[in-house]
Each structure stands twice: as C-alpha cells, then as structure tokens.
C-alpha cells in the first residue's frame, strides 16, 4: 500500500500566500490546544496549595480536560458537518475564552474541574476541525506543510505555557497562568470572523458561486468546482443522512479504523507521559525540584524546533515515511533510555544521559510522528464520512492520551521507570509494524485519489 506520490502541480504564488494566511489564523486553535494542555503542569502545585487537594483530586483536575477533549473530538466533526467548519471553530474560540476566565476565578476544585472540562470539549473539537478546515482550504502542493502548521502551533502553545508557569511561579499566580489562555482565544475569534468557510462545505449548502470564489482564492484562478477533489469533498444534506450506512461499506469502515489506529499510534509511544511528567521523572533520579522544572522548558523548546523541521520537509519526504522514521527513532531511544534510567540515580552523568535521551525521543516524536498524525488522519478519512470519521479518530487519540496520562505514574510506582520506558518502546515497535503494513502514502495526491487507493486496497483485502 505504498504507491509513489504524484508529482505536484505548480500553483500561482498568490493562492499559496492566501492559503498560508488562512492556515496561520486557523492554527491558533492549535496554540490554544497546546497552552491549555501544558499550563496545568506548572499550575497544579499551586492549585493544590490553594484548595488543599488530595492526590485523587489533583488527578481529576488534570484528567477532566482529557475527558472533555474526548467528548469534543467525537462530536466536533459532526457539528462541523452540520453548521460548518468555520462556525465550529468560532464556537470553540468562545469556549476557550469563557473556560480560561472561569478557571481564573474558580472558587473550588469542583468549579475548576468543570471549567477544565469545558476547555477540554473545545480542545477536542478544535483538534479535529482545524486540520479538517486547513486540509479542505489548502492546495495539494502545500497541504502537508499547512496542516502540519497546526502541530507546530500546539508545541509552541505548550512551550509558552511552560515559560508562563516558570515566570509566574508563586501560589497566587496560578489564576493568571490559566486565565491568560483567553488572550489567544480572542485572537482566534477575531481572525476566524474574517475567514470564509471551506469550498466543500459551501457546496453542501449549494452556494456554488461562493464556493468557486473561495476555491480560486485558495487554489488559484484555474481551479474549478468540477475538480475531482472538491466534487468528492462535497455531499448534499441527503447524502450526509447516509453517513451511518456508509460506515457499513467495508473499504470506508477500514479507512476509518486505520485513521483511528493512527491516532492511537501517536499516543502509545508514551510521548505525553514525558511531556506531562518529565520533571517528576528527573526528580526521581536526583535532579533537584528547581532544576527538574526546567526540563519542561528544554523539552518544549526541542519540541518546537523539531516540529518546525518536520513541517518543512514532510511534503518532500512523505507522510508514511515520516511516520516510519519517527516511530523507529522513538522505539530505539526508549529502548536505550530504559537501562540508562535504571542507573541514573547512581550518578549525575546518568541523570543527564537520561534527560538527553528523553529529548532525542521527543525530537523524533514531534518532528515526525506528531507532524504526520493529524495530516494523515485528515487525508485518509473518506469524504463520505469525514465529519464522523475524524470524530472517531479524535476520540481514539484522546482516549489513548487519557489512558497514558492516568497509567504512567502508577506504572512507574509498580514496576519502576526503566520497565515503564521499555513498555513504551515495545508499543512503539508495534505501532511501527502497523504503519508499515496498513498506512498508505498520501503525499502529492488529491483527497479523492487517496480514497480511490483505499477503496482498491479494501477490495483486495475482502
């Protein structure tokens, strides 16, 4: 399932410039995603002091965002099909503003958990709809880089959160840490008000003139609504009612399952365990609490640089190849980290070697695995079920994220850090085997060509 990428066609520079501007504004949703998932690690210690939380309550405050994200991911695609991608992102932006301000004024742990759940719903929905929006707006020759911009903004948001947490590290400032998430929410809201909806959605609403104008603005003056990619990307209201029936079609069901497993693949490497708990793990091997906090900033910085590199090369290297390279690097670095971490408590050199291997792991994850994941999901899910299919893929990803976040520290307590890292090395190797066998290459192809290959592969498998 590895046919060669089609040679991309040259496009007028003007259309690329417009598409880039649109993608940058929409990708602010990724910045909010990153900020709100990253800021809690620095704020939680001070929240615990303010509300005198038990360990179980601390876990709940953290986990409620992930629970909300799973709900938002599952429903976001359907909402986007019903009211439009643009309108869904606008609602998400309002939710980010309200949720951030609610966190800042929360008077109890229950209230804070409710506010974090609202933020989670918005994060989950935006995590699905922003890549969908950018994918449907982008010309094929730069679609990979533009959809990957969302991944870059996520890690930038996480780095901003880590820096903000370090700058506001006192017991009263956690409210500012959480409340500042409203600022990019306002920018996203204003920016999306200035943007159109996608040609595919406009065609669903039979707004052909408007769809053609947006298409030519994004893809160049020669683009036509009869293009196979756009025709395949549009469905009438009556066709949308048949989404559930479409999921019973073997090749469509198989494509959605592949997309869901790609989402799980991003999480089973254990990347978010390191993103969330690197300071805790380094503190366990003797690094001081003060210095351990700075590991988040180091890892966040490496994430941004790696993601920028991955984004710049993914259209040349290819999505599938990037995922294979990334998973290979992740599995090897974790396999080496496992014994090194076991010896780290005996020497400062071992602790520094462990930190170095964590950053190598994060570099492979962010440069290749994370960059390729959302792009592949947005391209593999067939147009017939794009909303519900991407929702199911997002649900699988966020459920796996929740499982990793909730199980990692108990696993470390039960079997130790070395065996925990080795476990993720094994699951990463399993994800690599799945990618090698099942994931198609989508680089340089229209969305309809990707669906055609999946249809043929499904016929061969049946």
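Just so it is clear, glycine is given a Cβ too, placed from its N, Cα and C backbone atoms.
TrEMBL assigns the feature transmembrane segment to residues 293-314, out of the candidate ranges 227-248, 293-314. Among the ranges 388-405, 442-459, the one that TrEMBL lists as transmembrane segment is 388-405. Long-range neighbours of the transmembrane segment (116-134) within the same chain, counting only residues 6 or more positions beyond its ends whose Cβ lies under 8 Å from a Cβ of the stretch, are 22-23, 26-27, 29-30, 32-33, 36-37, 40, 61, 64-77, 79-80, 85-86, 88-89, 91-92, 95-96, 98-100, 102-103, 143, 146-147, 149-150, 181, 198, 374-375, 377-378, 386-387, 390-391, 393-394, 397-398. Between the transmembrane segment (388-405) and the transmembrane segment (20-47) there are fewer than 3 Cβ pairs closer than 8 Å, counting only residues 6 or more apart in sequence, so the two stretches are not in contact.
The stretches the transmembrane segment (323-344) and the transmembrane segment (89-110) do not meet in space: the count of Cβ pairs below 8 angstroms, excluding pairs fewer than 6 apart in sequence, stays at fewer than three.
The transmembrane segment (146-168) and the transmembrane segment (89-110) are not in contact, since fewer than 3 Cβ pairs between them lie under 8 Å (pairs 6 or more apart in sequence). If you take every residue in the domain 'Major facilitator superfamily (MFS) profile' (22-443) and average the pLDDT, you get 85.
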